[in-house]
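Participant: Got a structure here, written out as structure tokens. Questions coming.
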Amino acid sequence: MNALRHTISLVSLGTFQLVRRTRGPHARGFLLGTGLGLASFSAVTYAHSAEAVDPKVNGVQMNTSRFMAEPITDSKALLGDKENMRHRMEILIMEIQAEFCRALEAEENCGQKFKVDRWERPEGGGGITCVLQDGDVFEKAGVNISVVTGSLPPAAVQQMRARGKNLKEGASLPFFASGVSAVIHPRNPHVPTIHFNYRYFEVETAKGEKQWWFGGGTDLTPYYLCEKDASHFHQTLKSACDEHDPTYYPRFKKWCDDYFRIKHRNESRGIGGIFFDDIDSPNQEAAFNFVSSCARAVIPSYVPLVRKHKNREYGNNERQWQLLRRGRYVEFNLIYDRGTKFGLYTPGARYESILMSLPLHARWEYMHEPKSQSEEGKLMKVLKNPKDWV
């Protein structure tokens, strides 16, 4: 029996509401009371029956055991229309979620595992939340996918119009969104935090026309600067971009530097990476392949850094600095992050889930300023003035 541990909380695109638990015909469960950081929740463990068989369509079997849970869309539908971009994106994000979760679990020294929650949304779709908390390597890690449909509220439509989308003002429009999103907060201050998000969006206009686009990015937030790590991270992302267009990396690197700027502090959240949105060219197939390459570059860009630093010694000073920088992370997410804003605009959104990207612990000190020649000061110079790493 393969036990899947389910925990209610979602790091998502910031748009989705948890409504009810999924109980398949081969599932049984029990409730556990627990708590997670800023949110309280219950955990459910399901043991899937050994008699459960992956569905077949035209003799082809989908091996769902490689995923963290059953797909959101019925497996027969996924196999029956594999050329549908909605289905292709769902399979991709399921794969990315499972591969990344297992790569992180392999770095835990004491065998800590992700808890998994598969949830549904009555308006359409659902998601899979994977949470690893209080590990010896990862203090808090969330890796999540969402596949949802619904109607965009007018405020969200207005936000998209501001980005140049040709949508009718004041309308409530049907949409489809799918994506994988992760924020990893390590325990050791010498291991950086990583965030990535890759998504696909469709919206139907008042005239019945369908608009689609991809978005996403991967960025790194170190607490102590290691230039070799920064170069490795950026070079890995650049290689993924260069497979498709040599102009992508410099464009999306600058976009990332601009987007993750904490304007009221005049500093960056981290050392950047790549960031892009509204990608709908040169065609849907090419855009999907580009997003796939970027998503698959996450593990080789990040896991070697975890392995390199996870067992390094550190003291209270390093820990306090890590908490101060996490305070900056909180400031950005609550004030500037587009996904958080989008979620807060969405009626009925599960706000604990939207805020789950926040770290377990953060710190603010009045007028804190590190010495310029200290290791902390070296990081601040780069955060004040982003640089090229490759």
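Glycine residues also receive a Cβ, built from the backbone N, Cα and C atoms like all the rest.
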Participant: If I go by Swiss-Prot, the feature region 'Important for dimerization' sits on one of 131-140, 281-290, 381-390. Which?
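Facilitator: Swiss-Prot lists region 'Important for dimerization' for residues 131-140.
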Participant: With His264 (site 'Important for dimerization') as the reference Cα, tell me which of the recorded positions Ser181, His195, Tyr198 is the closest one.
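Facilitator: Nearest in space to His264 (site 'Important for dimerization'), counting only the recorded positions, is His195.
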Participant: Hey, of the recorded positions listed (His195, Tyr198, His264), which one tops the CB count within 10 A?
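Facilitator: The most densely surrounded of these recorded positions is Tyr198.
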Participant: Using DSSP, what is the helix/strand/coil residue split across the region 'Important for dimerization' (131-140)?
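Facilitator: Tallied per class, the region 'Important for dimerization' (131-140) gives 0 helix, 6 strand, 4 coil.
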